[in-house]
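As structure tokens, the structure follows; a few thoughts come after it.
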Amino acid sequence: MSSKWPENLGEAMIIKEKLLMGPGPSNCPPTVLKAAANPLLGHLHPDFCVIMDDVKAGIKHLFQTENELTIALCASGHAAMEATLVNVLEAGEKVVIARNGIWGDRAADIASRAGILVAMMNGNPGKSFSTEDIEEFLAKEKPKAFFITHGESSTGVLQNLKGIGSICRKYNCLFLVDSVAACGGVELKMDEWGIDVLYSGSQKVLSAPPGTAPISFSAQAREAIKNRKTAVQSYYLDVEILGRYWNVDNQPRFYHHTGAVTNIIALREALSFISSKTLEQSWKRHKNCQKKLHEGLKELGLELFVENEDDRLPCVTTIKVPGGVEWAKVTGLMMQNDTIEMAGGLGPTAGKCWRIGLMGYNCTEANVEKVLWSLKKALESVGYLSQIETF
């Protein structure tokens with residue numbers, strides 16, 4: 001082992017700006033980056049506590065909830081998924097997980113590691129689940145909780161959540177929702193739709209740096225936590241203790257961990273940025289940009305992976321890679337020539353699709369035009385458009 005530091009650490013970092021039009025992270029508004037450059041504060045400093053309170057209030061409006069236990073984890077959306085499952089469920093209890101992409105697989109993996117019994121409701125990767133199928137499965141399995149992904153970013157599917165909450169109530173099970181890739185870009189009403197646990201991620205539609213995860217627990221979910229026979233297996237993700245750090249229920253602040261001060265400050269600014277418009281305006285903008293993108297892709301002779309228009313997630317569009325085209329060569333050319341990121345597929349779409357993200361700050365008609373222009377050039381370079389009339 002060398003006694004010297006690696007030489008490259010002495011070199012200045014050079015990070016070129018890129019247009020991140022993949023499924024996340026998205027680019028941050030300049031105001032968010034500027035906010036992240038603020039001086040550090042102590043994680044229990046009164047000034048930081050005010051910022052934490054602002055974040056709680058912003059998440060409540062974003063989620064459309066009055067839940068008192070509404071906070072931001074100092075971790076990614078994966079941690080929020082784990083916090084959701086290991087707080088309301090104990091080893092030996094059953095959860096039904098709706099799987100039509102990679103996030104159902106991840107949820108099942110997390111639950112199984114915690115000793116939670118998983119009943120997998122398998123669906124089609126290109127389609128959403130019907131309320132009829134969900135009710136039939138819950139009636140058969142009788143689980144303590146039902147988990148579903150609102151915006152399946154690996155396949156580009158949007159799940160309609162309306163009506164599922166009442167079905168879960170009918171079968172006395174908690175309704176758990178992953179909205180990492182959808183929240184802020186599509187209609188979402190936690191309380192009205194009977195969602196018991198809802199979480200998202202900072203780096204998607206919120207356009208904040210990765211590393212914080214908004215999450216909220218209903219009164220029913222908190223009752224389930226209160227009635228546990230065993231302690232939550234993860235101290236770091238025990239949301240009742242975390243709630244004390246976030247001054248939930250007006251409890252005195254409690255040192256739980258050193259909060260990610262800079263990331264929380266950036267999240268507060270991101271919530272401020274999105275609050276300049278109504279949620280309805282944000283939902284409409286994402287839908288309009290999705291329409292423009294899909295029209296442009298059609299002109300390029302490309303086919304969408306999700307067939308049913310109502311099942312298409314505005315925030316992430318999946319495009320079938322045409323036969324004979326190397327998907328990675330196209331994305332590589334877009335990055336090399338135009339510094340524009342378009343991602344390949346993930347999970348069920350790996351090697352089969354491209355994924356274009358329209359999220360938050362990046363969701364503009366100008367950016368749609370840029371990514372279509374770059375994609376067109378890349379397809380021409382690989383010879384795909386030689387026989388196709390394009391715009």
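Note that Cβ sites are derived from N, Cα and C of the backbone, with glycine treated the same way.
All protein chains included, Arg355 (substrate binding site) registers 24 other Cβ atoms within 10 Å of its own Cβ. Residues or ranges marked as substrate binding site by TrEMBL: Arg355.
If you look up TrEMBL, you'll see 40-365 marked as domain 'Aminotransferase class V'.
For Lys204 (N6-(pyridoxal phosphate)lysine), other Cβ atoms within 10 Å of its Cβ number 28. Per TrEMBL, the feature N6-(pyridoxal phosphate)lysine maps to Lys204.
Lys204 (N6-(pyridoxal phosphate)lysine) sits 14 Å from Arg355 (substrate binding site), taking the Cα positions as reference.
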